[in-house]
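Features as listed in TrEMBL:
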TRANSMEM  B:6-29  transmembrane segment
TRANSMEM  B:36-56  transmembrane segment
TRANSMEM  B:62-82  transmembrane segment
TRANSMEM  B:89-110  transmembrane segment
TRANSMEM  B:151-172  transmembrane segment
TRANSMEM  B:212-230  transmembrane segment
TRANSMEM  B:242-267  transmembrane segment
TRANSMEM  B:279-298  transmembrane segment
Amino acid sequence: MRGLNKKLFSILSIIMLLLLAACGGGNTTTDSNSNKSEDGVISAKFGVIAYLTGAGAAYGEAITNGLKLAQKDINALGEVNIELVIEDSAGKADQALNAAQKIMSDDSITAIIGPTLSTEFFAVAPEVDLNGIPIMGTSTTVDGIPEIGDYVFRNAVPESLAIPAAIKKAVERTGAKKVAMIYGNDDALTKGGFDVMERTAKEMGLEITTIETYQEGQSDYNAQLTKIKNTNPDLILASALYNEGAVIMDQARKMGINIPFVGGNGFNSPQAIAIAGDAANGLIVATPYFGDSTDPKITKFNEDYEAEFGKKPDQFAAQAYDALFIYADALKRAGSADKEAFKEALAATKDLEGILGKFSFDEVGDVIMDVTVLEIKDGKFIEFE
Amino acid sequence: MLGEILNTYYLQIGSFILINIMLAISVYVPLSSGQLSLGSAGFMGVGAYTSALLTIHFDLPIVIGIIAGALAASALGVIVGIPSLRLSGVYLAIATLGLGEVIRVIFVNWDSLTRGSVGLTGIPQLGREILEFARGVGFEPAMIGIKNNQFVFLSIFLVLLVLVIVILWFVVRQQNSRVGRALSSINLDEKAAESMGINITYYKVISFTQGAFFAGLAGALFAHVIGYISPADFSYHRAVEVLIFTVFGGSEVIIGSVFGAFFLTLMPEVLRFVSEFRYIIYGILLVVLMAVRPQGILDANLLKKIKFKRSKGGIR
């Protein structure tokens, strides 16, 4: 008995010693603060935390691809030299925090981009903020992200900016008075989007006929749609990710519900058309990124991206691309890779021309930019008139 | 000197390892009486939410929140345990898995209290509270040559380490007591145990509730280490992950759970250099090990072989 306890204690202490011994390795990395080379090029290292393995790996892949493309373009310009350190978060808050700690244990990191999901961001950002390292979310759209701290920023267009724009335009054109709502209540993104929809509908004095919920991965929405149909709304506000949203639209059209849908950020994907086909017609979304735009900046980005990675970029790739340009611009103005100077310069970002348009931060570090309202017509995204 | 060897990244991983060891034990204890419980994620969630809500809304000290969280989980363990212990084997596994999902769905839908799937932010962090307390009694981390955030993570790590040691001590002591022998006799043959005069229901509820208590404790600590929780943290993936810790390490001996949690938590971090492929390697490793050693890496025979000399009876 006594011997056994001793064994247990000795094993635990060995584990602890191993851990502590392992600690020695981490801090010995480059400690050179000479981030300005002879030719005046400012070098900086940025940490990236992205969702690279697991169910949502497509998001993380788009983001890191966007960043890599931006890194190439920025370094080619020769004004600043950026190095990216990419870590995987696997979509889990604890893994994201581990990744952040790993990145932060390297003192030469100037700032962090990511993590991908809002639920990861809420766990990571307070810690990063306390360490005085700037952090920016490129895909985190839920309310309350930049409010976490002074060092926390985002360039993702929040739902509170995109959804009201889409609803206002839709109501203007259709003259809708009664709206029905449906949302996925077990996902932070769709739940956050729903909160904004409900608030907007109330502010605009629209009558909410019914609020329906579904669970992630559900495939039959007939119960909810029958209820919605019976209340006879003029418009359906659907806070759904594209994979579920497209199925909802498909089943709604089959049931004879032919009114327009308004969606959030997660609904905005060409995949919605691929899944729902003609049923996707009449979907209205607001987005900073319009893939079929004829804007030369966007067509160039699309071409470069496709040449590099063999597929079309999406909103997440575009936002990540812009994010690194925002960092590069702040780095230029800061004049060094010092975290404090960088943060001050970042907060002062104003009217920066990115591929998604003019970009500024407000006083808490949230994004100010114009969004485009799109609708699907004849199986294609077009600008909403 | 001390300041240089304490890396917050390693301390953080160490903390998660210790929390996962607690979770693995929460599966191991019911399993030692032959009950396969997959409710650990649910109980963990109850502990986490109870403690987080109490500390956020009522400004209670973290210690009270954590104890309340663990007790709430074990109370639920008793309530659920009594009726569902008529079930055994795979049926119990399904029932407890269902329980975990019900708990998660309650967190998702009880919007006014839990903020739904967006989750709870601003949970007081254990290490920072300890730092404030230490400062209150006139101690500055600089006095022993470490930075504030090193102190924060070091204190979390040490608190968790002490708790894990206490839990291990308790479980091992129990195993070699009357209760432990009753549990293992139930595990081997329920009918025989009953005919020997062992009150099966009583002992089963005890071990089930202990599992719930450890899971609730781990959940509450998880909430205060990470500072943010959402229902997604307590999905059935978590339950399966915890079960894998125990089964992988060896479910026959307690050191197996400890090893499983240690190894499988460390593994994805060590494999960070292969980036996208790390979970593929993780998966392959599981398949291979289960094919070669279905009883888990560590079992009683192996422990004997590597000269794990101890008094007879041993750990089971």
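Cβ atoms are placed via backbone N, Cα and C, with glycine included.
Because TrEMBL annotations are produced automatically, they should be read as predictions rather than curated entries.
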Give me the stretch from B:6-29, B:36-56, B:89-110, B:212-230, B:279-298 with the greatest number of Cβ pairs under 8 Å to the transmembrane segment (B:242-267).
B:6-29
Using a Cβ distance cut-off of under 8 Å, indicate which of B:6-29, B:151-172, B:212-230 has the most pairs with the transmembrane segment (B:62-82).
B:212-230
As a test: from B:36-56, B:89-110, B:212-230, pick the stretch that has the greatest number of Cβ pairs under 8 Å with the transmembrane segment (B:6-29).
B:212-230
For the transmembrane segment (B:212-230), which stretch among B:36-56, B:89-110, B:279-298 has the most Cβ pairs under 8 A?
B:36-56
